[in-house]
Amino acid sequence: MDPYILNLTIIGLAALSMAWLPRLLHKTFLSFPIVFVAVGAILYLLPINLPTPNPLWQEDYVIHLTELVVIISLMGTGLKIRRTFNWKNWQIPFRLVSITMLLCIAGLGFMGWGFLGLAPAAAILLGAVLAPTDPVLAEQVQVGPPDDPEEDDVRFSLTAEAGLNDGMAFPFTWLAVVVAIAAGTSGEWLSDWLLRDLLYRLVAGVAIGWLVGRLLAYLIFTLPRKTRFPKAEDGFLALSATLVSYGLTELAHGYGFLAVFFTAITMSSYEVEDKYHTEMHDFVDQIEKILMVVLLIVFGGSLVRGLLDHLTWNGAFIGLAFLFIIRPVSALIGLLGIKVPLHEKLAISFFGIRGIGSFFYLSFALDKIDFAQADELWSVVGFIVMVSILLHGLTATRVMSYLDWTRKRKERLNRSRKTS
């Protein structure tokens with residue numbers, strides 16, 4: 001049996017199922033990431049010739065595949081958001097990607113150092129790769145497509161957080177790399193990190209992303225309205241915008257993840273009622289789903305082919321503590337003073353979904369320098385992502401349905417009071 005043809009068939013069948021599976025699972029307690037991880041695990045237990053998934057995660061092409069999935073997801077995430085970008089509207093996401101993310105990095109880093117005996121650089125890396133929430137696997141708790149009229153605080157906050165912190169976590173991944181390289185040496189590595197990896201690259205990412213978004217919005221919406229310039233009608237322009245924004249920013253040594261997200265939210269702020277936003281979103285959403293299916297199947301296979309071999313009881317404890325204590329408590333601290341109902345704060349705090357982005361960051365860092373405890377890092381990260389997929393996948397539908405019910409009930413009560 002030709003392995004290449006077999007792989008194409010499996011990918012084709014999995015992608016085909018995505019046409020119906022999300023709708024079939026919508027009213028159940030399952031999510032499609034759970035299904036495809038399980039499918040991957042079963043396939044790799046069978047005596048068939050499939051690509052070895054472990055140490056697949058440490059191959060160069062895995063860095064690029066996870067990178068591609070994340071940037072496409074960031075474009076789709078940004079195009080969904082319809083709230084004007086300012087402090088008043090975005091104060092919850094801003095707090096989540098600053099206060100909450102820093103507390104998560106510090107908390108997980110200290111636990112990795114104290115319970116796993118990780119070196120300082122490896123401990124920082126563990127915190128950095130797991131700090132960002134995932135825009136790829138969080139569809140159940142995010143806002144809908146651009147033509148969806150509903151955009152409640154919980155969904156908006158989780159969507160915007162996932163879009164922002166994939167770029168905001170990058171400086172700390174670089175910090176881990178810099179600390180590992182500078183171990184045992186003296187020098188100005190801290191000032192270099194602050195000026196280059198923290199300040200310059202963040203500013204470059206935001207600025208270039210905004211400029212690309214403004215230019216594309218002008219070409220797509222403004223110019224056709226004012227002149228005879230042809231109006232774009234194909235959704236693939238969103239994919240082109242993703243690659244252009246990411247490529248230009250990376251060429252300028254900025255953070256491409258951040259640039260793609262800012263390109264998307266800048267474009268989405270123009271002609272908000274134009275149906276072309278939905279066309280662009282739907283195209284990148286379909287591409288993202290196909291690529292995500294491949295990664296989820298391979299991740300499921302890696303779970304049964306050695307990814308968790310270096311997981312210890314301490315590592316499992318750290319993973320559970322992170323998902324059930326560190327993230328929720330850090331988020332609640334970050335949301336102090338925000339006028340949002342407690343049950344909504346609890347939902348925002350709980351749904352810190354981890355996924356594909358963590359694999360990219362870890363692969364990226366290990367490609368820059370060898371970390372002594374790389375195998376243990378892979379096992380802990382793989383365990384946390386696995387538990388997150390199960391935990392959040394099994395609870396998201398019910399929790400979000402409850403939040404929708406309470407919000408609509410409150411709206412009905414307010415209307416009845418006004419009429420009485």
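Cβ coordinates are placed from backbone N, Cα and C, and glycine is handled just like the others.
TrEMBL: automatically predicted annotations, no manual curation.
The domain 'Cation/H+ exchanger transmembrane' annotation in TrEMBL covers 16-400. What TrEMBL lists as transmembrane segment is 6-22, 29-49, 61-81, 102-131, 168-186, 198-221, 290-308, 314-336, 348-366, 378-403.
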Message: If I count Cβ-Cβ pairs under 8 A between the transmembrane segment (348-366) and each of 6-22, 29-49, 102-131, 168-186, 290-308, which range comes out on top?
response: 102-131
Query: Do we see three or more Cβ pairs under 8 Å linking the transmembrane segment (102-131) and the transmembrane segment (6-22), pairs being at least 6 apart in sequence?
result: no
Field: Cβ-Cβ under 8 Å with the transmembrane segment (378-403): same-chain residues at least 6 beyond its ends
entry: 26-31, 33-34, 37, 57-58, 112, 116, 126, 129-130, 137-138, 140-141, 152, 154-155, 299, 302-303, 307-311, 315-316, 318-320, 322-323, 343-344, 347, 350-355, 358-359, 362
Task: Look at every Cβ pair spanning the transmembrane segment (6-22) and the transmembrane segment (198-221), keep those 6 or more apart in sequence, and say whether at least 3 of them are under 8 Å.
output: no
- prompt: Where among 29-49, 61-81, 198-221, 290-308, 314-336 do we find the most Cβ pairs under 8 Å to the transmembrane segment (168-186)?
  reply: 198-221
- request: Using a Cβ cut-off of under 8 Å, list the residues of the same chain at least 6 residues beyond the transmembrane segment (198-221) that approach it.
  value: 167-168, 170-171, 229, 231-232, 237, 241, 244-245, 248-249, 252-267, 269-271, 274, 276
Query: Which one, 29-49, 290-308, 314-336, has the most C-beta pairs under 8 Å toward the transmembrane segment (61-81)?
result: 290-308
Query: Near the transmembrane segment (314-336), which residues from the same chain, at least 6 beyond its ends, have a CB less than 8 A from one of its CBs?
result: 92, 95-96, 98-101, 103-104, 107-108, 111-112, 115-116, 130, 345-346, 348-350, 352, 354, 376, 379-380, 383-384, 387-388, 391
